[in-house]
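*Asks:* This is the structure I have questions about; it appears just below.
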Amino acid sequence: MLRRAVLCLALAVTAGWAWAAEEEDNVLVLKSSNFAEELAAHKHLLVEFYAPWCGHCKALAPEYAKAAGKLKAEGSDIRLAKVDATEESDLAQQYGVRGYPTIKFFKNGDTASPKEYTAGREADDIVNWLKKRTGPAATTLADSAAAESLVESSEVAVIGFFKDVESDAAKQFLLAAEATDDIPFGLTASSDVFSRYQVHQDGVVLFKKFDEGRNNFEGEVTKEKLLDFIKHNQLPLVIEFTEQTAPKIFGGEIKTHILLFLPRSAADHDGKLSGFKQAAEGFKGKILFIFIDSDHADNQRILEFFGLKKEECPAVRLITLEEEMTKYKPESDELTAEGITEFCQRFLEGKIKPHLMSQELPEDWDRQPVKVLVGKNFEEVAFDEKKNVFVEFYAPWCGHCKQLAPIWDKLGETYKEHQDIVIAKMDSTANEVEAVKVHSFPTLKFFPAGPGRTVIDYNGERTLDGFKKFLESGGQDGAGDEDGLEDLEEAEEPDLEEDDDQKAVRDEL
């Protein structure tokens, strides 16, 4: 009897061990077998669904672990966890994982509606976002030690100094705090804290570990004005584009970005960056100044997007990220503070024309059944009033474009003797035209003969028969909206798209 009891106890303990989550660098490792138990055990749980091959996941890993360690050291009840979605496909499907990394926040074990994590990829961003979701919008600062701890805890922190924390201004401050995900806010009425930071009347101060160190808010305290003040001052004058900073860059409200492509190894690196920073001072809140290390392998796609080669750097380009992306190029290659300032000012005044990339026209562009278009000959060919022109806009790296290539070649062969039908293709990563905005690959458009510069989208089957029916119907059978096209970012190796936030970055760059 005793032996049976001991055996049962051993089995129970072993089973308990089997269900318990392991930890890696303070991050819980979750599986289907322990997911529900860990949700029940932790009131606040942030879960990353990742893939071992995902570059963005690898870049996030040290910051994610750092955030987990920081919260654990503070004695917080917030825990961080991760799930290998390639191994735990049922969990990934259950929680709608369509890209890597996908990060979801579970509160009180609620599996019905976990909140999507949308902030930055640095440890401070993660910690601040979680604290905003689990505590007050602003921490009450009773003394200087508490204030110093808050300021030291993050790259950027905001403190409201109000002698009456129930005042209308203080309430507006709290509304701004509630609307800001990724920055810690503190609220104080302590004369000790006022004195420590040399604040002599009610006000708001943004503290930061870069540039001028602090910014004092001036004017009437309203939620909208505070948010505008924070937007203008929370980022460095010049911010480097990295995996970690990308969400801050593209998640902000400033949609005009000027980019300095500069090799970190350049002899005049510091001087060029200093001039760029000097120019940035006059455009805070209007234009975001971004430095891109043109030597870094991860940034080569961005160079390609702007039609740049490494040997052409340093170089400056400007882009607007509204509904339609538009690029601009300085007339001069001189990268002085004065030259960059003048370029930005002329852009804001509407005096700069968009820059459209074009390859050189190949000598044999029209010798094959499928004609080769570049920016320089597009208008002449596509809008020839005597021709019906069917164009594939492709990217060399796009898997679906590669699959389409032999079919498109057969289509060219089929119509090579037709005098009024032209089958063509254009590499849209190296050529841009004002008449067509390409948002996905492959994009197929038909330019029928006749006046009026008509453009018809093709959204039918990507088969030879489908294309023939479309052409023989005069662009009717298969015409439609572009809702079936592949994403610009399109990952070729994985079954799932990579991380939505990073996809947006590449969509916009």
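Here, residue 1 is simply the first one shown, and the rest follow in order.
Yeah, the Cβs are placed from backbone N, Cα and C, and that goes for glycine too.
What Swiss-Prot shows for this protein is this:
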{"type": "ACT_SITE", "residues": "C54", "note": "active site, nucleophile"}
{"type": "ACT_SITE", "residues": "C57", "note": "active site, nucleophile"}
{"type": "ACT_SITE", "residues": "C398", "note": "active site, nucleophile"}
{"type": "ACT_SITE", "residues": "C401", "note": "active site, nucleophile"}
{"type": "DISULFID", "residues": "C54-C57", "note": "disulfide bond"}
{"type": "DISULFID", "residues": "C398-C401", "note": "disulfide bond"}
{"type": "DOMAIN", "residues": "19-135", "note": "domain 'Thioredoxin 1'"}
{"type": "MOD_RES", "residues": "K223", "note": "N6-succinyllysine"}
{"type": "MOD_RES", "residues": "K272", "note": "N6-succinyllysine"}
{"type": "MOD_RES", "residues": "S332", "note": "phosphoserine"}
{"type": "MOD_RES", "residues": "S358", "note": "phosphoserine"}
{"type": "MOD_RES", "residues": "S428", "note": "phosphoserine"}
{"type": "REGION", "residues": "471-509", "note": "region 'Disordered'"}
{"type": "MOTIF", "residues": "506-509", "note": "motif 'Prevents secretion from ER'"}
{"type": "SIGNAL", "residues": "1-18", "note": "signal peptide"}
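Give me the structural setting of these features: burial, nearby parts and distances.
*Replies:* C54 (active site, nucleophile) falls outside any helix or strand according to DSSP and counts as coil.
There are 22 other Cβ atoms within 10 Å of the Cβ belonging to C57 (active site, nucleophile).
Packing around C398 (active site, nucleophile) is summarised by its Cβ count: 21 other Cβ atoms lie within 10 angstroms of its Cβ, all protein chains included.
Reduced to three states, the DSSP call for C401 (active site, nucleophile) is helix. Around the Cβ of C401 (active site, nucleophile), 22 further Cβ atoms fall within 10 Å across all displayed protein chains.
Under the DSSP three-state reduction, K223 (N6-succinyllysine) is assigned to helix. K223 (N6-succinyllysine) has a Cβ environment of 16 other Cβ atoms inside 10 Å.
Secondary structure from DSSP puts K272 (N6-succinyllysine) in a helix.
S332 (phosphoserine) carries neither a helix nor a strand DSSP state and counts as coil.
In the three-state DSSP classification, S358 (phosphoserine) falls within coil. In sequence order, V374, G375, K376, A430, N431, E432 constitute the residues six or more apart from S358 (phosphoserine) in its chain with CB-CB distances below 8 Å.
Long-range C-beta contacts of S428 (phosphoserine), restricted to its own chain and to partners at least six residues apart, with a cutoff below 8 Å, comprise F393, Y394, A395, V438, F441, T443.
The average pLDDT computed for the motif 'Prevents secretion from ER' (506-509) is 41.
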*Asks:* Fill in the CA-CA distance, C401 (active site, nucleophile) to C57 (active site, nucleophile), as an integer in Å.
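*Replies:* About 27 Å separates the two Cα atoms.
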*Asks:* How long is the line from the C-alpha of C57 (active site, nucleophile) to the C-alpha of K223 (N6-succinyllysine), rounded to the nearest angstrom?
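*Replies:* Distance between the two Cα atoms comes out at 35 Å.
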*Asks:* What counts of helix, strand and coil residues does DSSP assign across the domain 'Thioredoxin 1' (19-135)?
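*Replies:* Helix, strand, coil within the domain 'Thioredoxin 1' (19-135): 45 helix, 29 strand, 43 coil.
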